[in-house]
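Novice: Below is one structure. I have some questions about it.
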Amino acid sequence: MKMHNFSAGPAILPATVLEQAADAVRDFDGLGLSILEISHRSPSFTKVLAETESLVRELLDLNDDYGVIFISGGASAEFFLTAMNLLNEDERAGYLDTGTWSTKAIKEAKLFGGVEVLASSKDKNFNYIPKGYPIPQGLKYVHVTSNNTIYGTQIKDWPETDAPLVADMSSDIFSRRLPMEKFGIIYAGAQKNMGPAGVTMVIIRKDLLGTVKRALPSMLDYRVHIEKGSTFNTPPVYPIYVCMLTLRWVKAQGGLEAMEKINEAKAKLLYDEIERNPKFKCTIPDPIDRSLMNVTFVTTEEADTAPFMEAAKAAGVDALKGHRSVGGFRASIYNAMPIESVQVLVDVMKGF
Ligand SMILES: *Cc1c(COP(=O)(O)O)cnc(C)c1O
């Protein structure tokens, strides 16, 4: 039976990407060698790195003010790297606390400088995006988690501030258009919306670097990775290659404008059924806060939880279980999720 992969991460990739990725393991670029066994400085991989970066630049319409790097350590390493590279001990950064990942970013940033939590939705188990909170002047940056993978909320209106935004976009990168002029740093672990686990993309406005007084170890210094084009040391070669294939696929879909439309249609299909069907309830009350990537919901009757999970499984719906801190269900419908698979889930809900 074909499985419909609703996993929150590592997550679904386009079927054509998986085929090409498998081919490259056997024979890459006509070399008679696997991509797993070639040098990261070989011409074949140098081409891959260049194309991956150029696709990122094209899709997000980045100018030369920004550096683009592919490093390891996951989004979790960026929690401290962003603060370490940007924030002096006597400076302050603002943080929006919208869930587990934001909370972790706040904890790590406090090791390096002043952290001001601008607003938090912790009071309601992070089921909304705070709005209308004041943002003081003079912050070095404002950190946001654009999409809260666990809770199913997403920022639709970016904070109004003169400070550059530093954004964890691990779970909605390349899912919609972005006003790049607002962003100082965007980072994303690849394994939700752009590739397999093992690589993190970081986009950095270069003028923000070199402003901290502390000494930075080379591996933790963004400037080193930018200068060396992500090859200061051995980068995650294969994950980068699969990211390139995924970005080619995104471009072929029509880029971010088209991706955004498709994602809106998929999310609408599912949220409409949750609203219509009295057996289900969305865990995010305000529609404006609902994520287009991770749709969180529960059954109205607790007793229906297990039977619905069974019914979904029987239809080939995989990984629908909600995160332990929320319970219920979470349907992750990232870029690569076809609308046909969302329809399968909706049909199970209709028939339940
Ligand atoms: C998954 C996730 C992370 C953690 O990513 P790692 O690569 O495991 O460190 C951080 N932020 C968000 C928004 C995520 O979805």
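Cβ atoms here come from the backbone N, Cα and C positions, even for glycine.
Pasting the relevant annotations from TrEMBL:
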type	residues	note
BINDING	Arg41	L-glutamate binding site
BINDING	Ala75, Ser76, Trp101, Thr149, Asp168, Gln191, Asn233, Thr234	pyridoxal 5'-phosphate binding site
DOMAIN	5-345	domain 'Aminotransferase class V'
MOD_RES	Lys192	N6-(pyridoxal phosphate)lysine
Novice: Including all protein chains shown, what's the count of other C-beta atoms within 10 A of the C-beta of Asn233 (pyridoxal 5'-phosphate binding site)?
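Specialist: That number is 13.
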Novice: Among all the protein chains here, how many other CB atoms are within 10 A of the CB of Arg41 (L-glutamate binding site)?
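Specialist: Result for Arg41 (L-glutamate binding site): 10 neighbouring Cβ atoms inside 10 Å.
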Novice: Excluding near sequence neighbours, so keeping only residues 6 or more apart in the same chain, what lies with its CB under 8 A of Gln191 (pyridoxal 5'-phosphate binding site)?
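Specialist: Residues satisfying the criterion: Gly9, Pro10, Ala11, Ala197, Gly198.
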Novice: Quick one: largest C-alpha distance among Ala75, Ser76, Trp101, Thr149, Asp168, Gln191, Asn233, Thr234, binding pyridoxal 5'-phosphate per the record, in angstrom?
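Specialist: Farthest-apart Cα atoms in Ala75, Ser76, Trp101, Thr149, Asp168, Gln191, Asn233, Thr234 are separated by 31 Å.
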Novice: Within 10 Å of each Cβ, count the other Cβ atoms and name the one among the binding-site residues Ser76, Thr149, Thr234 with the highest count.
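Specialist: Answer returned by the neighbour count: Thr149.
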Novice: Just the number: how many Å between the Cα atoms of Trp101 (pyridoxal 5'-phosphate binding site) and Lys192 (N6-(pyridoxal phosphate)lysine)?
Specialist: 14
Novice: Could you tell me which of these recorded positions, Trp101, Lys192, has the fewest other Cβ atoms within 10 Å of its Cβ?
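Specialist: The recorded positions Trp101, Lys192 were compared, and Trp101 has the fewest Cβ atoms within 10 Å.
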Novice: Return the single residue from the binding-site residues list (Ala75, Asp168) that has the minimum number of other CB atoms within 10 Å.
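Specialist: Per-residue Cβ counts within 10 Å for the binding-site residues Ala75, Asp168 bottom out at Ala75.
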Novice: I'd like to confirm something. Which of the binding-site residues, Arg41, Ala75, Thr234, has a Cα closest to the Cα of Lys192 (N6-(pyridoxal phosphate)lysine)?
Specialist: Ala75
Novice: Just to be sure I understand the contacts, which binding-site residues have a Cβ under 6 angstroms from any atom of ligand 1? Candidates are Arg41, Trp101, Asp168, Asn233, Thr234.
Specialist: Trp101, Asp168
Novice: Cα-Cα separation of Arg41 (L-glutamate binding site) and Thr234 (pyridoxal 5'-phosphate binding site), in Å?
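Specialist: Counting only the Cα atoms, the answer is 9 Å.
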